[in-house]
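Straight from TrEMBL, the features:
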type	residues	note
ACT_SITE	Asp238	active site, proton acceptor
BINDING	Gln72, His73	substrate binding site
DOMAIN	5-225	domain 'Carbohydrate kinase FGGY N-terminal'
DOMAIN	255-435	domain 'Carbohydrate kinase FGGY C-terminal'
SITE	Asp9	site 'Important for activity'
Amino acid sequence: MSVLVAGVDSSTQSCKVVVRDAETGRLVRHGEAPHPPGTEIDPEHWWTALQTAIGRAGGLHDVAALSVAGQQHGMVCLDASGRVVRPALLWNDTRSARAAEDLLAELGDGDRDAGARRWADAVGSVPVASFTVTKLRWLADHEPDAAARVAAVALPHDWLTWRLAGATGLDALVTDRSDASGTGYLQASTGEYRRDLLALALRDEARAESLRLPRVLAPAERAGTSPSGLVLGPGCGDNAGAALGLGLRTGQVFLSLGTSGVVAAVADRPTADPSGLVAGFADATGRHLPLACTLNAARVLDAAARLLGVGPDELSALAMRAEPGAGGLVHVPYLEGERTPNLPGATGSLHGMTLASLTRENLARAAVEGLLCLMAEATRTVRDQGIAVERITLVGGAARSEAVRRVAPALLGVPVEVPTPGEYVADGAARQAAWVLSGASEPPAWDIGESRTYTAPPTPEVLAAYRKAARHAAASV
Ligand SMILES: Nc1ncnc2c1ncn2[C@@H]1O[C@H](COP(=O)(O)OP(=O)(O)O)[C@@H](O)[C@H]1O
Ligand SMILES: O=C(CO)[C@@H](O)[C@H](O)COP(=O)(O)O
């Protein structure tokens, strides 16, 4: 009888569970449940959605091991008895933008750029509003009573793993290097916490010393067992989960278009980009995952579809009926502010409106092109770190759009490989669970199946028009 493992993706919009054969990786069953909208959420909603998704995936009665991958950076604060102190602030909550700037200036003794370099040298990344460390500073400044009750800080996947283990004590909290590297207070290259940086964020050395932080597990180390005997893996950040689920090798690059847009490469060496555009995260196998992340991605298309009163397939069809360049219409999609470039206060804009350009087809095309131009710019920042991007694997909800698949190679300037649509983050978590169970030195070699390669002649004029409009949008913040 085959051994089964489960993988969870507790992402921004939903929770997904896959159950797979530990040896072959064959998909046995899966389930999904939505998360509530918003950028601050009571973690209890993640727990409820996880239980619903597990139920929809046929339960875990015959599953031997499970790992949780989760949205990165979310600040889950627990009091001394393990209760959540306040709703979690998510990666896409930008209220800590000012706190991020303050932390750069303070580490640089008043010089922001020097501070950015020091942060990059210390933890591999320059914190922006998404990072946990900036959310802790926001909490210390704006909710001191809540801050005073915080006894432990965890990430979404740490908290879910802890709940699955049935643990109540804070000393049972565990994490992994990939997700911990997104806190802003873990030195990814050594796996050590930087409590001095935590003290800076909290404005309190004693609190930073006494705060319970999850123990950082090795890539395939057991996190424990659930009360029902399920082996728990260390879990990972969702982007590290995608890399593991896709089985990416060193040098390979993926583009994920979910709630966030992510361009990331598996790398043997860490990066430390002082511009802050590329975060020097860890992957889930002991390597590195330099990554550029945007706040805007699939929901740019959701918004355009809503405006046009169509579903995603019709939006795609409309976009493909328009010419490249959308008749001069340019959509700069900073709908949620933006992180790459770092413009948390920006808004989206539509340029080049004329009686001729303002058609449904051009509006749909401009949304697709705007999203992909944003991702082309993010790809450029990854290249600037010396990473050769020769082809890109496209995943995430918006990878299902045929227009996105066809336009992507024209704007990214490289062939785009699209694997069969699936839950690659949850698959990565399942693969990790199988790895933990096997005790082997490498994750199991699962076949991810067929992928289709899309190519297209480059359209540099579309990118040039976007850059001009984006400069205008940035200048007006
Ligand atoms: N065919 C499609 N075309 C465009 N967008 C799609 C399509 N199918 C799903 N999406 C979008 O993908 C997003 C969800 O993607 P997902 O990768 O699951 O996000 P997350 O992991 O951030 O929760 C939603 O915004 C949804 O509208
Ligand atoms: O902030 C980041 C990465 O740094 C995001 O990628 C989050 O990890 C959320 O991911 P999705 O829910 O969009 O997959």
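Each Cβ is built from the backbone N, Cα and C atoms, and glycine gets one as well.
Features as recorded by TrEMBL, highlighted on the structure.
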residue	record	CB count, 10 Å
Asp9	site 'Important for activity'	29
Gln72	substrate binding site	32
His73	substrate binding site	29
Asp238	active site, proton acceptor	30
Alpha-carbon distance [the residue listed as 'active site, proton acceptor'; Gln72 (substrate binding site)] in Å: 7
- prompt: Is Gln72 (substrate binding site) helix, strand or coil when read with DSSP?
  reply: coil
- prompt: Do you know which of the recorded positions Asp9, Gln72, His73, Asp238 end up with C-beta under 6 Å from ligand 2?
  reply: Gln72, His73, Asp238
Field: pLDDT averaged over every residue in the domain 'Carbohydrate kinase FGGY N-terminal' (5-225)
entry: 97
C-alpha spacing of the residue listed as 'active site, proton acceptor' relative to Asp9 (site 'Important for activity'), in angstrom: 7
- request: May I ask for the distance between the residue listed as 'active site, proton acceptor' and His73 (substrate binding site), taken between their Cα atoms and rounded to an integer number of Å?
  value: 10
Query: When DSSP states are folded down to helix, strand and coil, where does Asp9 (site 'Important for activity') land?
result: strand
